[in-house]
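Per Swiss-Prot, these features apply:
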| type | residues | note |
| --- | --- | --- |
| BINDING | 69, 110, 145 | Zn(2+) 1 binding site |
| BINDING | 145, 179, 214, 259 | Zn(2+) 2 binding site |
| BINDING | 182, 227, 229 | Zn(2+) 3 binding site |
């Protein structure tokens, strides 16, 4: 079954219930959340996440295979500042616990940045961090995200992701998030040869590890190493390529999550595009006037 949704907010008193309600309003049947603000460590206790009511709403609205995203502040690739590395390991462990409590099986993680020390050193540090953070009996997988190669990001090639996986002792607890914008920006031609790219992924990593898809268009050309998301069909990847990926038979059971930008001139008037983009990806017809329609809705 096609599981298609977006990033939604989990906040206020409603927490998980609010996230599921927002997802349902977009016509989603899955969604992705952060368990708190992605840029800091402040977190509500698990008891305040309103999990029971959230799970009930999800069941009633056929929501499944939800995904958690780890916060950006985790950088287990940092070999320069031990305190940053330690914070990353400890915080990742607590986020895994929260993911499990929410009933999710996948927590998406940006592998890490080597902060100028070189990819080999960064990857070695990431492996060490994952070996420390992973608890053998956990049923949550860390879904390492394919990165665009901006700055000193590790995980910009399938080989780098494979290197991390191969170095981790309990790597059955690792999976991969394939981000269309990042992979395109990293230099993979998903527009003209997605099957070839998927084949390469399968040879190097194994397609059975691909557990989450981030569906985003890109504001930049292939190989730009920028990572700037565009609305579906309004970037350099284009609607046809993204529709092909969303409906790809080999990826039928993988949840597909949109992280496209809100539409509008200023912060106050910006609107979530997900209801429209999800409908468009489901029905297979691109609407070139979509952004105007969203703004005027």
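Any Cβ shown, glycine's included, is placed from N, Cα and C.
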Residue 259 (Zn(2+) 2 binding site): nearby binding-site residues from 69, 110, 145, 182, 227, Cα cut-off 10 Å: none
Those residues of the chain, 6+ apart, with a Cβ under 8 Å from that of residue 182 (Zn(2+) 3 binding site): 145, 146, 147, 148, 214, 227
Reduced DSSP assignment, residue 182 (Zn(2+) 3 binding site): helix
Residue 179 (Zn(2+) 2 binding site) and residue 229 (Zn(2+) 3 binding site), distance between Cα atoms, whole Å: 10
Neighbouring C-beta atoms (10 Å sphere around the C-beta of residue 227 (Zn(2+) 3 binding site)): 21
Binding-site residues compared (145, 179, 259) - the one with the fewest other Cβ atoms within 10 Å: 259
Distant-in-sequence Cβ neighbours of residue 110 (Zn(2+) 1 binding site), under 8 Å, six or more positions away: 70, 72, 74, 145, 147, 153, 155
